[in-house]
Amino acid sequence: MFTVINECQSNPCLNGGVCIDSIDMYYCQCRFNYAGINCEYEDYECASTPCMNEGTCVDGIQTFFCYCQESFTGRFCERDVNDCEGVDCGAGVCIDGFGSYTCACSDRVAGTHCDRSKLTTISQYNSTKSDFIVSLK
């Protein structure tokens, strides 16, 4: 005669897991968001706050997704978006910022996109002593 032992009798599965009895062992079928031999670990990937720069974490099945703020990109929102991409600063240089850019203009141009020539006053003294303005390009 032999004795049948039910390994699930002690209710080893935690957090609503379902115990499946087997020969000399048991298995726990865990509910969504739980893992481990006895379903003892919460399987919530966003718990470690993996998203950087104020990104929003959305939990998936054994994965997560970061929804990034407008000026960041990457799996963890770790990279600053290049705001200079596609920007024409004319005779100047584009300087990338966080969610913005600035055009640094040369001495001869001005404007938000360095697209206006600066006017220079040149004085000429002759018999009439007249002043005039010349636009340099």
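The backbone N, Cα and C atoms fix where each Cβ goes, glycine too.
All TrEMBL annotations are machine predictions without curation.
For CYS94, the disulfide partner named by TrEMBL from the candidate list CYS84, CYS105 is CYS84. A distance of 62 Å separates the Cα atom of CYS39 (disulfide bond) from that of CYS114 (disulfide bond). Within 10 Å of CYS105 (disulfide bond), judged by CA to CA distance, lie the following disulfide-bonded residues from the set CYS30, CYS68, CYS84, CYS94: CYS94. Mean per-residue pLDDT, taken over the domain 'EGF-like' (80-115), amounts to 91.
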